[in-house]
Each structure stands twice: as C-alpha cells, then as structure tokens.
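Annotated compositional bias 'Basic and acidic residues' per TrEMBL: 10-21, in sequence order. Among the features that TrEMBL reports, compositional bias 'Low complexity' is placed at 45-54. What TrEMBL records for 198-313 is domain 'Phospholipid/glycerol acyltransferase'. As annotated by TrEMBL, region 'Disordered' applies to 1-55, 174-195. The feature transmembrane segment is assigned by TrEMBL to 86-113.
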Amino acid sequence: MVMQVGSMESELKTLNSKDLKPNGISKSNIGDGEGEGDDRPLLKSSDSTTTTSDTIEDMEKKYAAFVRRDAYGTMGRGDLPAKEKLLLGFALVTLLPIRVVLAMTILVFYYVICRVCTLFSSPNRDDEQEDYAHMGGWRRAVIVRCGRALSRSMLFIFGFYWIPESHIPDHHDADGNGSSFTHTKNGDKTQPEVGRPGVVISNHVSYLDILYHMSSVFPSFVAKRSVSKLPFVGLISKCLGCVYVQRESKSSDFKGVSAIVTERIREAHQNESAPVMMLFPEGTTTNGEYLLPFKTGGFLAKAPVLPVILRYHYKRFSPAWDSISGVRHVIFLLCQFVNYVEVIRLPVYYPSQQEKDDPKLYANNVRRLMATEGNLILADIGLAEKRIYHAALNGLFSQC
C-alpha cells in the first residue's frame, strides 16, 4: 500500500502550520496527557514530508512507539481470521451489552454517592479551579473508599479479573526500612530521606490507566476543563480533585495551572490528608513497549515521586489506546473476555540536590530507572511525531 504525495503533503502542511507550531511554553510540559503543543523539536525537514516509497512498514519503523501489533492490525482494521470474527460476533451480542449495562450502573451509583457526600458542602475554589478533594471527615472517607472499590469493580467488568503487582526493592536501603538514601558526588551516603511522595509518575498506555490508579491510590489528575462539565464524570472529577487545563488558553493561563500542579505536589508531600497528584509525564499514550521523553512539570516541586509501570499483556486485542479510534477500541476491549495488566511499583524516588536544582535531570533519571525496571525501550519521539503518523495512517486508509 503506497502513499500519494499530494494528499499527504497537504495534510502535513496543515499539521505543521496549525497543530505542530513550537511554542515558548507548551501545555504538555505538565505531563497530563495529550497537550496541544510539544516542547521538543519536531522532525527534521528531511523527515517532515512523506515520499512515495514510504509504506506502512517504513512508518512502523520510524514511529514504532505508536504501532499496534495485535491481531486486529493497524487502526484495528486488519483482516481477521474466521475464528476471530466468530468470537467477536458472539461477544458483540452477549458480552458487550452486559458489560455496558454493568459499567453504566457503577458510574451512576458512584455519581449518586458523590452527590450525596457533597450536599450542603461548598467546593474549594482557587485560581479558577473547583474541587471537593480537600473536604475532610466521613464525606471524604466515603468518596475515597467507594471510589477505589468501584474503580476496581469497573476493571473487573472490563475483564481485568486479577491484577498482579510486584514491588521493586530499594537497593539503597540496607536496613529494609523503606527509606532511601541520597548520595554525594563521591558516592557516600547521607542521611536517609523519608516522607510521602507528592506525585505518582506512570507510563501512559490507555485510558484504563486512570481506572487502575483510581483503584490504587485515588489521586488527583490533570484534565481538560471540559471534563468538569460532563454528565456524571464532571462531579466525580471534582471529587478526585482534578486540576483543569484550558488547553487553548494563552501561556499566562498555563503558567497559573503549572503553579497549581506544583503547589498540589508539595502539599501532598507535606500533608498526609492532601490528595496525591497523578501525572503521565510522556504527554501522550504509547503501545506500552516504549517510554517517551518526560515533561518536567511533575518534577518542578522538588518533591519525591512514586514511579509506577503498567504493562498490558495480550494475545488477541491490545488494551493500549493508540492508533485506533476510541469507539472501536472500547468495543473490541469489551468483547475480549479476559484482559491483562501487570503493575510494577518502584521505590519512592528521592531526588538529590543536583536533581532538585535541575528538573530535567531529575525527570531523565526517573525515566531511565523506569525503562530499566520495566524493560521498556527509550524512544526520542513524541506527540508531534505521533500526529504525523496518525495523519499518514488516516491518509492511507481513506484511499482504501
């Protein structure tokens, strides 16, 4: 299957002129998801256009971190064997409707819990943010405990019947007491640091990542402001304490959000009752085999971080949400009887003074550690290249 130069060049020019303009400050620095900008250089001019010799195989080598390798093929549009079609058809009329009904029941049930717990309670309003995460007492306890339990129930409904978790021991902790040592330049240990991590740092593979982290630590996320206005989900996001980002806002607004995230991380580190922040510093999803460069937003607070690695295993359909439409992904996922995710928890990472002074160094060191412990491949591409790859795939399949 060969690309047509004319259509692809027009698409790439549109992308470069509208979506891929380098900005002085990019929203994706926060590491909350797919921001509108990207703070890293785009592809070189020699790579920014597609030639007629570029086939799908060529693109898969160049954009390997975003390639789907399951039985359903690129964009979930591959030719399925007869047996797979039969299984999919059977699941569509049996398993899919049951799971949809159960998932909606849980969503509405938790919404009612959040509505009851927030009655006669004013939300915390600060810098155009609104949340109930700082609400204390029995209300907060009910919201958190029910949220964790129902998130795990939702994963169970989606086919994640068991979730194995492994904990990597801290190699620097000779006493086995869970603390970490900082190190001087000559390698000597200083006093061990203790304290709660202010932020959970995770690789980003799917929207399912959010459900797992909700079931685990019930953290606050960074989300688009429009999420706060969604039915049911809007109130739940406020109970989570989400920090809302207006992605099309000016850089001055972004600086305000960045400051809020940093303040929330410091607060979580110092206050046991404050909600922990959850960030995906890659800024976008991958196929789960790679680790993209980290944004520095989660490391500006100079607080310790808790690295968590999610590995989705599959035989037929990959739960990774990449290079496939959301609707198609949800349908295929719900039609798969069993889904698998493995969780690797690393020790709390306490930054050295050098890392505190250099957030980029701090982010890079945590990234390399996660790649080593999670057996992930380091990739130097990011959101800009992902958009080019997706535009190329859309161009190819529109001609088929």
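Placement of Cβ uses the backbone N, Cα and C atoms for every residue, glycine included.
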Quiz item: Along the domain 'Phospholipid/glycerol acyltransferase' (198-313), what average pLDDT does this model show?
Solution: 90
Quiz item: Same-chain Cβ contacts of the transmembrane segment (86-113) under 8 Å, 6 or more residues past its ends?
Solution: 80, 142-143, 146-147, 150, 153-154, 157-158, 232-233, 235-236, 331-332, 334-337
Quiz item: Using DSSP, how many residues in the domain 'Phospholipid/glycerol acyltransferase' (198-313) fall into helix, strand and coil?
Solution: 45 helix, 25 strand, 46 coil
